[in-house]
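Data first, discussion second: the structure below is written as structure tokens.
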Amino acid sequence: MDDFQNAAARARELHRELAHHNYRYYVLDSPEVSDAQYDKLMRELQDLESRHPSLQTPDSPTQRVGGAAAEAFGEVVHRAPMLSLANLFEDQGLIEFDERIRKLLGLPAISYVCEPKLDGLAIALRYEKGAFVQGATRGDGTTGEDVTANLRTIRSLPMSLFPQDGVKVPEVLEVRGEVFIRKKDFQKLNEKREEEGEPLFANPRNAAAGSLRQLDPRMTAARPLSVFLYECVPGEGVPAFKTHIEKLEYLKTLGLPINQYRRAEGLEGVREAYDASLKGRHELPFEVDGMVVKVDDEDQRKRLGQVSKSPRWAVAYKFPPEEESTEVLDIGIQVGRTGALTPVAHLKPVKVGGVTVARATLHNEDELRRKDVRKGDTVFVRRAGDVIPEIVSVVLSRRPADSAPFEFPRHCPVCHAVATKDEDGAIIRCTGASCPAQLVEKIRHFASRLAMDIEGLGDKLATQLVATGSVKTFADLYALTREKLLTLERMGDKSADNLVAALERSKQTTQRRFLYALGIRHVGDATAKALAEAFPQAEKLFGASLEDISRVKDVGPIMAQVIHTFFQEPQNQEAIRALLAAGVQPAAPQVATGGPFVGKSVVLTGAMTGMTREQAKEEVERRGGKVAGSVSRKTDFVVAGEDAGSKLKKAQELGVRILDEQAFLQMLQTNA
Ligand SMILES: NC(=O)c1ccc[n+]([C@@H]2O[C@H](COP(=O)([O-])OP(=O)(O)OC[C@H]3O[C@@H](n4cnc5c(N)ncnc54)[C@H](O)[C@@H]3O)[C@@H](O)[C@H]2O)c1
Ligand SMILES: [Zn+2]
């Protein structure tokens with residue numbers, strides 16, 4: 001085959017493909033590929049046609065506007081054809097556009113108007129004697145669909161013009177503009193569809209088109225659409241405008257909604273406007289997919305005329321796409337630092353918003369189920385600004401016949417411990433205390449002040465210990481030696497010695513600290529205290545029934561379930577046994593029966609030199625006292641350390657007994 005035959009065959013293929021995508025996009029409002037992919041096919045065809053002009057037949061998709069009107073609607077023949085816009089994607093295209101215009105007009109510089117390119121669908125509206133009488137979609141540019149009833153449901157569209165003082169309402173006014181949906185409304189609409197099990201709209205454009213093209217206007221009314229107008233067809237009583245801006249301002253005086261525009265002088269002016277609008281695109285409450293550049297002077301426009309399906313005097317300068325379609329190669333589960341199991345889609349890499357995206361989060365099981373994303377699906381991926389890439393919708397028409405819903409695992413894929421659902425429903429979490437995926441976080445918590453209080457073991461060191469494989473379980477911490485620690489990066493002699501000493505010290509602990517240190521979900525310091533009183537030995541919890549645990553003070557049914565599951569997990573029993581074998585000795589809480597603290601309410605304020613606030617609290621509680629946060633008449637003692645402030649003052653005012661650190665320590669000693 002020669003080059004021409006090849007080109008002709010490819011062109012036929014592209015005709016077929018583009019016709020298919022046009023139908024999905026314009027008639028069904030449910031595209032299968034992204035705009036960028038569609039544009040690529042279109043450019044390929046344009047390219048073939050420019051190399052072989054005989055391929056440019058009148059029925060070529062390059063020569064036609066939009067898609068045919070759906071038969072279900074009445075037809076409206078436009079008074080003047082509704083055109084499309086030529087697209088540009090980079091500065092080079094803009095240079096050529098400006099050059100062409102200057103050459104055709106024989107002028108050194110052109111005044112332009114720049115408008116946001118709304119991502120919606122074009123409509124033509126007709127007002128007679130100021131009353132809205134008919135509205136139509138663009139259709140194929142010549143004939144559109146009569147969507148009058150649906151347009152009447154758009155709140156921002158005036159049903160009758162309300163001109164400013166001195167402005168005469170024209171006999172007949174035909175205006176053109178764009179119906180669109182605001183980002184917030186789009187999100188709400190898709191959430192509702194999710195709930196109702198309806199397929200999601202891929203983007204605001206399809207949502208707007210799908211909503212306006214409803215056969216039942218009540219359906220349209222339920223979906224909040226918006227409209228901006230940007231063009232006006234000459235007609236009876238309509239002034240002859242010198243410029244586009246004059247026209248826009250005129251429409252405004254009639255009470256019609258007009259979008260913001262920006263005047264731009266020459267190529268440089270357009271570049272500035274483009275940079276500004278690209279930068280500001282995320283601040284707008286609606287989706288824009290580019291900037292429309294129009295020649296401002298109406299007379300110049302007439303002289304420029306049009307080519308095939310678009311005017312020569314305007315162009316759509318597109319923004320880089322933020323949405324792409326691609327394929328889900330697989331769905332995996334990622335275990336986060338807090339044990340949350342997060343489903344992640346592995347995608348055939350695509351460029352979205354300027355970066356290559358190969359993964360997208362599916363957030364959690366509920367979200368995954370709602371969107372019903374499956375392996376093998378074609379999906380729309382979105383990445384706007386710095387936002388994490390996300391899957392917007394699935395192209396159901398492209399779903400493989402043998403696909404099956406994703407089965408969310410009930411065990412952690414990393415450590416195989418049971419994974420359970422959070423009580424608030426959304427997140428599934430691994431319950432393994434030695435789960436490698438959570439280890440850094442677990443160890444950081446284990447070493448924290450209210451837990452084992454191992455000084456010097458923070459986030460950085462925990463990360464290092466896990467990364468080097470030195471620590472795989474809590475108990476491994478107690479096998480760390482000075483020599484071993486010194487092999488770590490940035491670890492000095494002194495720090496190593498201090499850490500070994502801190503580890504050794506931490507072995508003498510309390511059952512309350514020990515239980516808290518295990519990092520059982522929801523078990524904070526207070527619950528650990530109650531649990532320690534009921535179960536002075538950790539191993540007793542292995543055999544405890546759900547009822548036993550439920551009887552513990554302040555432990556509700558959900559927490560009881562979490563605690564029960566934790567101590568049933570063999571991995572966790574093993575972790576506890578190993579800690580005890582390593583020499584950790586959690587002391588059972590002593591229940592005080594006598595002494596000066598029993599049943600007393602104590603307030604701690606100011607800094608003490610000999611112990612921390614937490615230690616002081618623990619000492620008081622061990623002796624049967626309660627530590628309160630604020631001073632009242634019910635307070636029995638206030639322990640005032642250095643720089644005690646308002647609490648001390650309050651105590652003095654109320655005549656509450658005040659102890660300094662010395663007196664407090666003495667009281668503790670006499671009641672050890
Ligand atoms: N994904 C798909 O399968 C698929 C299929 C068909 C078309 N498409 C997309 O649609 C595009 C073609 O659609 P099109 O012919 O409507 O062209 P277009 O969207 O590129 O530009 C023309 C349209 O821009 C709109 N517009 C928005 N703001 C405007 C403003 N301020 N002034 C003037 N017009 C404004 C008007 O509706 C006008 O008809 C393609 O480039 C592609 O991105 C996608
Ligand atoms: Zn795990």
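Note that the numbers count up from 1, one per residue, in the order the chain is shown.
Just so you know, glycine gets a Cβ as well, placed from its N, Cα and C.
As given in TrEMBL:
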BINDING   ASP35, ALA36, GLN37, TYR38, ASP39, SER84, LEU85, GLU115, ARG138, GLU178, LYS294, LYS318  NAD(+) binding site
ACT_SITE  LYS117  active site, N6-AMP-lysine intermediate
BINDING   CYS412, CYS415, CYS435  Zn(2+) binding site
DOMAIN    592-672  domain 'BRCT'
Mind looking up the mean pLDDT for the domain 'BRCT' (592-672) in the predicted model?
85
In DSSP terms, helix, strand or coil for LEU85 (NAD(+) binding site)?
coil
Out of the binding-site residues I have (ASP35, LEU85, CYS412, CYS415, CYS435), which ones have their Cβ sitting under 6 Å from ligand 2?
CYS412, CYS415, CYS435
Scan ASP35, GLN37, ASP39, LEU85, LYS117, LYS294 for recorded positions whose C-beta lands under 6 Å from an atom of ligand 1 and note them, or write none.
ASP35, ASP39, LEU85, LYS117
Among ASP35, LEU85, CYS415, CYS435, which are recorded as binding-site residues, the nearest neighbour of LYS117 (active site, N6-AMP-lysine intermediate) by Cα:
LEU85
With a radius of 8 angstroms around the mean position of the C-beta atoms of CYS412, CYS415, CYS435, what other residues of the same chain does the Zn(2+) site pick up?
VAL335, GLY339, PRO413, VAL414, HIS416, ALA417, CYS430, GLY432, SER434, PRO436, ALA437, GLN438, GLN571
Neighbourhood of ASP35 (NAD(+) binding site), C-beta criterion under 8 angstroms, separation at least six:
ASP289, PRO321, GLU323
Considering only the binding-site residues CYS412, CYS415, CYS435, which residue has the minimal Cα-Cα separation from ASP39 (NAD(+) binding site)?
CYS412
Roughly how many Å separate the Cα of GLN37 (NAD(+) binding site) from that of CYS412 (Zn(2+) binding site), to the nearest whole number?
38
What's the CA to CA span in angstrom from CYS415 (Zn(2+) binding site) over to LEU85 (NAD(+) binding site)?
56
Which residues, sitting 6 or more apart from ARG138 (NAD(+) binding site) on the same chain, put a CB under 8 Å from its CB?
VAL65, GLY66, MET82, LEU121, ALA122, ILE123, ALA124, GLY144
Tell me the Cβ contacts of LYS294 (NAD(+) binding site) under 8 Å, same chain only and six or more apart in sequence, or just say none.
TYR112, VAL113, CYS114, GLU115, HIS244, TRP313, ALA314
Using DSSP, what is the helix/strand/coil residue split across the domain 'BRCT' (592-672)?
29 helix, 18 strand, 34 coil
When neighbour density is defined as the number of other C-beta atoms within 10 angstroms of a residue's C-beta, which of the recorded positions GLN37, LYS117, CYS412 has the lowest density?
GLN37
Determine, to the nearest whole angstrom, how far the Cα atom of CYS435 (Zn(2+) binding site) is from the Cα atom of LEU85 (NAD(+) binding site).
57
With an 8 Å cut-off on Cβ-Cβ distance and a minimum sequence separation of at least 6, pull the same-chain contacts of LEU85 (NAD(+) binding site), or say none.
VAL292, SER310, PRO311, ALA314, VAL315, ALA316
Express in Å, rounded to the nearest integer, the largest CA to CA distance found among the NAD(+)-binding residues ASP35, ALA36, GLN37, TYR38, ASP39, SER84, LEU85, GLU115, ARG138, GLU178, LYS294, LYS318 named in the record.
26
